[in-house]
């Protein structure tokens with residue numbers, strides 16, 4: 001900005017108004033002696049003023065202000081990112097009309113100076129300013145720093161400024177830069193997320209020309225988004241077109257396409273597309289068929305799964321363990337045990353021996369359906385066939401045994417684990433400790449607790465809660481309180497339900513004062529008591545013979561809207 005009009009080189013004398021007070025001119029109360037407005041443009045100030053009822057306009061060139069404006073810009077760039085060069089200090093005498101105000105002094109900077117500013121903008125998250133500077137540089141035929149361009153593009157994509165990101169990308173490519181595949185895939189993904197599939201396809205078409213060919217992620221992203229928008233036929237045509245343009249017949253992309261067609265259009269249509277793609281040079285493998293089988297089985301379409309297996313066999317392929325395991329998993333979930341036996345027979349006939357994964361699928365399905373005897377038979381069969389069970393096998397079986405109340409049988413299996421070289425893990429101990437605690441067998445539960453610590457398995461919140469609840473269940477409330485304190489010493493997060501169990505147990509055993517201490521401990525740990533806990537306290541105070549105090553406590557809690565109106569004291 002200029003200091004005053006009289007400073008301008010364009011005026012020696014500035015006599016604005018002919019009517020001056022000394023000349024006896026009348027001055028109206030409604031008129032202003034000098035009204036003026038300043039409009040700032042590129043390289044000039046335009047002053048509009050009224051004097052004596054006439055509008056006058058004066059154009060003032062900002063010749064002497066260039067140096068000052070540059071200094072102001074230098075201060076505006078973070079951490080002195082603007083590096084002043086000789087060229088930036090030279091006063092420009094070009095016509096003002098050739099300079100846009102938004103470009104400021106960038107237009108007079110050298111390529112190195114502008115790249116320094118560009119890197120500073122990006123490092124300080126000024127992405128819009130960076131994209132604007134890149135635009136200025138492109139008009140000056142300056143080459144922006146490519147790594148900084150990539151950072152700007154990625155940053156703009158993350159904040160949803162996709163149009164600016166695409167513009168920076170275009171400048172970079174036209175300047176000879178080659179963006180990497182990650183940047184392109186981020187842009188394609190961002191466009192697809194916003195539903196701009198056509199724009200994403202245009203970016204894909206430009207990738208090859210820029211020297212960075214699309215990969216499977218690029219194609220998969222576009223295909224998935226097309227199916228999300230119910231563009232099934234367009235997606236199939238898109239992949240065919242890409243193959244005809246020389247795209248490698250990526251098996252992963254082909255498998256994704258077939259799976260999507262199967263899920264949205266059915267197995268018959270998927271097989272038809274599969275055959276059509278063979279003409280284009282895309283051939284399915286066992287992974288493709290397994291993906292189709294998995295898709296149909298998840299939806300319970302076993303007839304379609306059978307149709308796919310027939311198609312698989314007609315191409316001279318053999319189902320593998322993944323094929324069979326996929327079928328067995330779905331059949332077990334839906335309880336089709338006759339079909340399970342049939343699949344197992346086929347596996348035996350085709351020398352596809354059941355693996356540990358196969359047996360784990362079977363045991364899990366049988367246990368969830370309460371068929372424990374049959375699950376144990378499969379475990380025996382597994383061992384007899386020299387297929388060593390793993391910890392998943394045993395955890396599945398132990399969980400069912402404990403659920404059925406067969407803790408002694410579960411402990412017998414547990415004791416044999418280390419002997420056969422299978423180390424128990426946290427879930428193993430938690431399963432058994434919880435089962436024993438629910439039966440009130442706290443001596444055995446604590447023995448397992450000590451053992452797990454000795455073997456380096458750290459108990460978690462579930463372990464402690466099971467023990468606390470177990471002690472309260474058999475009225476060993478002091479032991480429960482000690483376990484609660486042990487949790488605090490180990491910096492374990494104590495759940496509201498765990499506090500509640502202890503407080504209820506203490507109140508039940510006429511230990512109200514200790515229960516109040518636990519409540520204080522609970523509040524100090526920023527764990528908010530609930531209505532159940534407060535009700536237990538009120539009833540505990542009443543049970544201790546302090547009926548009047550219980551009534552006062554109840555009314556106070558109702559007043560604070562912690563308890564509901566009409567609560568009766570037990």
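Glycine is no exception: its Cβ is also placed from the backbone N, Cα and C atoms.
The repeat 'PPR' feature in TrEMBL is assigned to 145-179 (among others). Beyond its flanks by at least six residues, the repeat 'PPR' (145-179) meets 115, 118-119, 122, 125, 127-128, 130-131, 134-135, 137-138, 186-187, 190-191, 194, 196, 199, 203, 206, 210-212 of its own chain at Cβ-Cβ distances under 8 Å.
Look at TrEMBL and you will find 180-214 (among others) tagged as repeat 'PPR'. DSSP labels the residues of the repeat 'PPR' (180-214) in these numbers: 27 helix, 0 strand, 8 coil.
Across the repeat 'PPR' (215-249), mean pLDDT in this model comes to 94. Among the features that TrEMBL reports, repeat 'PPR' is placed at 215-249 (among others).
With a cut-off of 8 Å between Cβ atoms, the residues of this chain six or more beyond the repeat 'PPR' (250-284) that come close are 216, 219-220, 223-224, 227, 230, 232, 235-236, 239-240, 243-244, 291-292, 295-296, 299, 301, 304-305, 307-308, 311, 315. The repeat 'PPR' feature in TrEMBL is assigned to 250-284 (among others).
Tertiary neighbourhood of the repeat 'PPR' (285-319): same-chain residues 251, 254-255, 258-259, 262-263, 266-268, 270-271, 274, 326-327, 329-331, 334, 336, 339, 350, 352, selected by CB-CB distance under 8 Å and a gap of 6+ residues from either end. The repeat 'PPR' annotation in TrEMBL covers 285-319 (among others).
Residues or ranges marked as repeat 'PPR' by TrEMBL: 320-354 (among others). Residue counts for the repeat 'PPR' (320-354) under DSSP (helix as H, G, I; strand as E, B; rest coil) come to 26 helix, 0 strand, 9 coil.
Look at TrEMBL and you will find 355-389 (among others) tagged as repeat 'PPR'. With DSSP states grouped into helix (H, G, I), strand (E, B) and coil, the repeat 'PPR' (355-389) comes out at 26 helix, 0 strand, 9 coil.
Annotated repeat 'PPR' per TrEMBL: 390-424 (among others), in sequence order.
As annotated by TrEMBL, repeat 'PPR' applies to 425-459 (among others). Residues in the repeat 'PPR' (425-459) partition by DSSP class (helix H, G, I; strand E, B; coil) as 26 helix, 0 strand, 9 coil.
Residues or ranges marked as repeat 'PPR' in TrEMBL: 460-494 (among others). Outside the repeat 'PPR' (460-494), and at least 6 residues removed from its termini, the chain residues within Cβ reach (under 8 Å) are 426, 429-430, 433-434, 436-438, 440, 442, 445-446, 449, 452, 501-502, 504-506, 508-509, 511, 514, 518, 521-522, 525, 527.
Marked as repeat 'PPR' by TrEMBL: 495-529 (among others).
As annotated by TrEMBL, repeat 'PPR' applies to 530-564 (among others).
Listed as Cβ neighbours of the repeat 'PPR' (495-529) (distance under 8 Å, sequence separation of 6 or more from its ends, same chain) are residues 461, 464-465, 468-469, 471-472, 475, 477, 480-481, 484, 487-488, 536-537, 539-541, 543-544.
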